[in-house]
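According to Swiss-Prot, the protein has these features:
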type    : residues                                                                                       : note
BINDING : Arg127, Arg167, Gly173, Gly174, Gln206, Val208, Glu213, Gly240, Ile241, His242, Gln283, Glu297 : ATP 1 binding site
BINDING : Gln283, Glu297                                                                                 : Mg(2+) 1 binding site
BINDING : Gln283, Glu297                                                                                 : Mn(2+) 1 binding site
BINDING : Glu297, Asn299                                                                                 : Mn(2+) 2 binding site
BINDING : Glu297, Asn299                                                                                 : Mg(2+) 2 binding site
BINDING : Arg700, Lys739, Leu741, Glu746, Gly771, Val772, His773, Ser774, Gln814, Glu829                 : ATP 2 binding site
BINDING : Gln814, Glu829                                                                                 : Mg(2+) 3 binding site
BINDING : Gln814, Glu829                                                                                 : Mn(2+) 3 binding site
BINDING : Glu829, Asn831                                                                                 : Mg(2+) 4 binding site
BINDING : Glu829, Asn831                                                                                 : Mn(2+) 4 binding site
DOMAIN  : 131-326                                                                                        : domain 'ATP-grasp 1'
DOMAIN  : 664-858                                                                                        : domain 'ATP-grasp 2'
DOMAIN  : 925-1060                                                                                       : domain 'MGS-like'
REGION  : 1-400                                                                                          : region 'Carboxyphosphate synthetic domain'
REGION  : 401-539                                                                                        : region 'Oligomerization domain'
REGION  : 540-926                                                                                        : region 'Carbamoyl phosphate synthetic domain'
REGION  : 927-1060                                                                                       : region 'Allosteric domain'
Amino acid sequence: MPRDESINKVLIIGSGPIQIGQAAEFDYSGSQACKSLREEGIETVLVNSNPATIQTDMEMADRVYVEPLTPEIVAKIIQKEKPDAVLPTMGGQTGLNVATGLAEMGALEGVRVIGSSIETIRNVEDRDLFDSFMKKLNEPVPAARAVSSVEEALEAVEEIGYPVIVRPAFTLGGTGGGVAHSRDELIEIATRGLEMSFINQVLIDQSVLGWKEFEYEVMRDRNDTCIIVLCNMENIDPMGIHTGESVVVAPAQTLSDEDNQRLRDAAIKIIRALKIEGGCNIQFAVHPETGEYKVIEVNPRVSRSSALASKATGYPIAKIAAKIAVGMTLDEIQNDITKETPASFEPTIDYVVTKIPRWPFDKFKGISREIGVQMKSTGEVMAIGRTLEESLNKAIRSLDIGADGFTETPYTRADLENPTDQRLFQVYTALRDGMSIEEIHGLTQIDPFFLQKISNIAEFESSITRESLEDPRILLKAKRMGFSDSRLASLTGMDESSIRALRLENNIKPVYKMVDTCAAEFEARTPYYYGCYDLEDEVEVSDRRKVLIIGSGPIRIGQGIEFDYCCVHAAMALTEDGYETIMVNNNPETVSTDYDISDKLYFEPLTLEDVLAIIEKEKPEGVVVQFGGQTSINLAVPLAEAGVRILGTPHESIDRVEDRERFTEVLNKLGIPQAPYGIAKSFEDARAVAERIGYPVLVRPSYVLGGRAMEIVYDDVELEEYMREAVRVSPEHPILVDKFLEDAIEVDVDALCDGTDVYIGGIMEHIEEAGVHSGDSACVIPPQSIPEDIIDTIKEYTRKLALELEVVGLINIQYAVKPDSDPSVYILEANPRASRTVPFVSKATGVPLAKMAARLMMGAKLRDLGLTEEKDIEHVAVKESVFPFIKLPGADSVLGPEMKSTGEAMGIDENFGIAYYKSQLSASMDLLNEGKVFISVRDQDKDKIADIVKKADELGFRIMATRGTARAVSDIADIEVVRKVSQGSPNIRDAILDGEVGLIINTPSGKQSADDGYLIRRMAVELGIPYVTTLAGARAALNAIEAVRMGKITVKSLDEYHGM
């Protein structure tokens, strides 16, 4: 049954910016869907607001729209493009919500919804419908009630009994959910949940805390053929911890064959009843003693778990789901890995896969590290091993958190009962301390089987000595359990190179096994490998010219999908140019770990030992470290010292930039100004520097990504507090103390250099003033307020510096501009590698910078690539950052030098105001709210807000302000004075709760985050009220509101903007 001939044009809805609960897995699924449908001759139209995705590259679909993912905007695209069908199931929760919204607006007349019907989405997402649907099937679900008020929640709990799990309907990653053990907790969680559900509904569920959790990925086609992909997955953590927060293993380890059969049958029964055509994820809870099970949830779309199942088996769920959505059947779709089996063969595996989440707690001081029913992790890693112990050890060192294996971590009994992100390490430490498996099981509800595996690792470590490792059998056993050389070195007091030498002397080297979807039953044609210490090696090494690309590992704040984007582009460019490309990475969510992006894929930890072993096996011409963010840059020097050729910019140049004193010498030689600074190894040093250059100063450790431990301090007291904290971050590296340039405009430049010529890819003006981390600030191309002569100076400095550093490939330089001072341009920092703005600049200008950079590294010249004149654009593109505050109770939404954003959205239009408005809408901030504007600013800003107040007044807003702010501008407009929270009721908090306020402008005073400002900002986050914490942001917001009121919002595809 070939594809449905009535479907010739499909609109694919993407998932928008990377956020907690919805990360790179949807770029992977959306990209696969685009490719898959085009293979079938279907015209594809894609809409997504995230510029850092591969799917928004112009060549991925016939037309790509980078527009806000709201039903109103997507309806305009449907009107313009007239697709035959809409595919929402590749866009995560966002895709489903947009599709539901479109249906409610009546915008889907004559357009089919494929993959999952609107009825199916509602049956699964609306809890009452879901429960009654499951009851019709005789499938058990936890007792639950859907409620629309706190009163109803209190009534429901009388029936169900405490503890209850509270979950808002139609949200993502458990946003707003929690476990309530008492009336007070229920009132607090239900209030928050009702605000966050876009249908104002929360579910009060009977608690199945402590039950085991299993997941099944099921595929179904229109012939009703169903298969289970990846047998099943088991969460090591029991119910009560969101599956996205759990350590997950596949195949399941503690499920009996009989129970597996029951859950399999139930999964197939459910997908058939729901009539889903494509992929679906089903989660079950199983009682550890009785084997009783409950259906917890069904996702009628591809998900985080389906990305994991795809990478764990090599079976491309999204690609196959897209073909099924247009009417093809499993038996007609070829398995790309074997090229001879159909997609209806269930994949099987003969290894163990472990997934561990990566959390952002290092970025947010003072917030709870507890994990539970609401997701907090930003990304994840996956590792493959022959045993669970090996797989676990490899996954831990893939996390890139400075741990080369299980490490001793302080714990209390309460920590074991109320898990945090440190859970695995605390369990390991308790076992090492002699606590019994039974006792730990009682506290954690983790199955004794898994505790025994961790105990095996702890026991083996206790037996290792310097002498015992000289026995090759013991060394081989250690390697087979997944111990890294560096871990063995720290356990025995030896150094890593001695362990390596000992290993090589005894010919103990890893071999590589293939991930082939069929446990070696058929021959695989797509080389996708993992390393282990087994006997037979399955890699066929070719004699082609090869390049190895080091990926960027798990998504975390400071190192997001942008770097994966650059790695994929490098692989594509070098493959096009005839090189064999080899990708090394360990992130199951991303496009770079797709089996058909590079010629060979190694799913391995990104450590020196693991990467060197692959290099020794493959013997590439060189290694690319420029694209994988700090993770791959950190490997440049050790790899070069091991004799590996680093392609592109010499690694020596990286040190010339990252070592501050050497960088200053470079700048002095070139005559490029930088802010006064000093280097300090103690508080006394730092105070002396601050006295010499004057407060405020920006303090930070050297060698750091995402501005970690970076702060602006205003006096000695704050400086001393910082030094106590930060010196611990990096003891061997001193602290930098820079003069903070207040009120400067920050500018980012991405450029290409081939060693002789420089091409300026894009100059971005930041909208937030200097002092907000460049990864968090909104920015705009082309610059809107910077005079031409200053732009020329910036270009000149960029050229000089790129040539001096002998850059081959990409360089990113950040400047601070003070137009009225002399000098007017200061350099802040330079990074001779891909930056997080590369995808945005590429989308804004239409020039694929990362691809070009890869070609330059292989010897091409800018002239040959046609890059002589930089590209002027007629439109305006704005990048806005997206923050995780809503997912992290207690986090302050103030922006500063430490990066806090997880992702980005882009707005593009003919004028700045509308482009900025689109960028805000894409970041879930609708500026066109009704309501008053509330303004409260710190003392040093009070004389700078006249124009803001005037503009708000001209736009017809009623303005509220606190007394001090109102006094400063009372002659400009009528201001309603409102009390601070600390001044008694009625106050600003009451006004916000009553829905009077539609926009909040609040600049933070000092560092007391417990102040009124913090409370207001936190309420804005939780209630979804647009807020800005900088004056520049406020000006941009008001200009955007004006532009939208005056003009019409139109949609255009990228190829229309780029005149193609």
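Glycine is treated like the rest: Cβ placed from N, Cα and C.
Once the Cα atoms of Arg700, Lys739, Leu741, Glu746, Gly771, Val772, His773, Ser774, Gln814, Glu829, the listed binders of ATP 2, are compared pairwise, the greatest separation found is 18 Å. Cα distances from His773 (ATP 2 binding site) to the binding-site residues Glu213, Glu297, Asn299, Asn831 are smallest for Asn831. Under the three-state DSSP scheme, Ile241 (ATP 1 binding site) falls in the coil class. Cβ neighbour count for Arg127 (ATP 1 binding site) (all protein chains, 10 Å cutoff from its Cβ): 22. Non-local contacts of Asn299 (Mn(2+) 2 binding site) by the CB criterion (under 8 A, 6+ apart in sequence, same chain) comprise Val124, Cys280, Asn281, Ile282, Ser305.
In the three-state DSSP assignment, the secondary structure recorded for Glu213 (ATP 1 binding site) is strand. Taking only the Cα positions, the spacing between Gln206 (ATP 1 binding site) and Gly771 (ATP 2 binding site) is 47 angstrom. Among the binding-site residues listed here, namely Arg127, Ile241, Gln283, Gln814, Gln283 has its C-alpha nearest to that of Glu297 (Mg(2+) 1 binding site). Taking the region 'Carboxyphosphate synthetic domain' (1-400) as a whole, pLDDT averages 91 in the prediction.
Within the group of binding-site residues (Glu213, Glu297, Glu829), the Cβ with the highest number of other Cβ atoms inside 10 Å belongs to Glu213. Cα-Cα distance from Arg700 (ATP 2 binding site) to Gln283 (ATP 1 binding site): 44 Å (rounded to the nearest whole number). In the region 'Allosteric domain' (927-1060), helix, strand and coil residues by DSSP number 63 helix, 21 strand, 50 coil. Proximity of Asn831 (Mg(2+) 4 binding site) to non-local residues of its own chain (separation of 6 or more, Cβ distance below 8 Å) is seen for Val657, Ile811, Asn812, Ile813, given in sequence order.
DSSP assigns Glu829 (Mg(2+) 3 binding site) to a strand segment in the three-state reduction.
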